[in-house]
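Under the heading active site, TrEMBL lists 78, 278. Annotated domain 'Peptidase A1' per TrEMBL: 60-407, in sequence order. The signal peptide annotation in TrEMBL covers 1-27.
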């Protein structure tokens with residue numbers, strides 16, 4: 001599991017030693033008067049090409065330019081978390097290998113009185129801090145990877161689909177201490193691009209400044225690559241299946257609510273499975289009961305004359321092999337049936353998962369199940385739809401209308417723009 005599904009665990013770090021250590025590096029950031037007024041003329045988007053794949057890379061990354069002068073950074077796209085962060089030379093306490101040199105802050109610390117800082121912390125958690133103290137952060141993900149640092153504000157140059165360019169100052173995390181468990185393989189990126197709906201999200205910040213609608217979407221190609229967009233200018237006017245975002249009292253993820261699981265069009269007995277969409281997760285995860293039921297259904301359907309267990313392939317927990325190595329995933333999908341998630345809080349709304357949306361082809365020519373046991377992966381009863389099940393679909397997270405949409409799409413081609 002890549003594990004970018006964010007556990008709601010952002011809190012203030014009270015460490016006087018670190019505060020004194022970084023005091024010389026960070027000071028108040030006096031933001032100059034911006035050369036624009038808050039915009040009200042919505043209707044444009046920012047489109048970014050993506051690089052990556054589900055297997056063997058395991059993630060999709062975007063290139064963002066940050067700072068003045070701008071420098072490029074590769075970021076793992078993650079709709080399962082809000083905060084964007086870069087590895088940061090503040091100096092580095094513990095930085096992991098990355099494609100670019102760490103970001104260097106320049107007296108641009110965000111203070112505790114900033115609303116974005118307040119959105120990450122409850123008041124009860126930082127009684128000893130004054131409004132002018134630096135805003136520290138720590139974010140931990142479900143795979144126990146984490147980033148610790150301080151919030152900073154710097155320019156993010158972007159070009160809109162209408163041809164205009166801006167470089168607004170946006171808040172992000174300057175991560176000087178990253179932890180990666182020995183069992184995990186961190187993406188070879190410079191940080192994470194958080195695309196959730198919280199105030200700290202880059203898309204929320206651009207929306208609050210009036211540049212775009214609070215809409216984000218992606219199209220992940222099964223052949224690798226794809227595109228990401230912020231804003232609603234490239235959202236098709238028709239052909240999209242829309243379902244409302246379902247939020248509990250403390251829920252902040254992109255949840256589609258409960259769904260019944262069908263295999264080959266037949267009920268599996270799994271009902272009311274709460275579903276979250278998360279581009280930060282490579283694979284799809286079901287809770288233990290749903291996973292075991294699904295695996296049993298798949299195995300009962302397999303023709304053992306055509307497929308046998310590939311116990312020597314450790315790419316994923318469950319793999320099969322044919323009489324000879326498969327040359328393409330399409331050659332293997334004929335032996336499997338589609339899955340369907342039928343959402344119970346939205347009338348006649350279903351998410352169809354063809355075999356290509358839950359299988360991978362390994363370098364050995366075997367086919368493996370890309371749906372994993374979330375309970376064994378340490379995420380409990382959470383059910384995540386990861387990248388593998390969103391391939392070759394345009395997926396739209398509309399925070400304005402509180403709905404999520406999807407449709408089949410050619411993700412190898414950037415959207416045509418007028």
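Along the chain as shown, the residues are counted starting at 1.
Backbone N, Cα and C atoms are what each Cβ position is placed from, and that goes for glycine too.
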Integer average pLDDT (0 to 100) for the domain 'Peptidase A1' (60-407):
93
Pairwise Cα distance for residue 78 (active site)/residue 278 (active site) [Å, integer]:
7
Count the other Cβ atoms sitting within 10 Å of the Cβ of residue 278 (active site), across every protein chain shown.
27
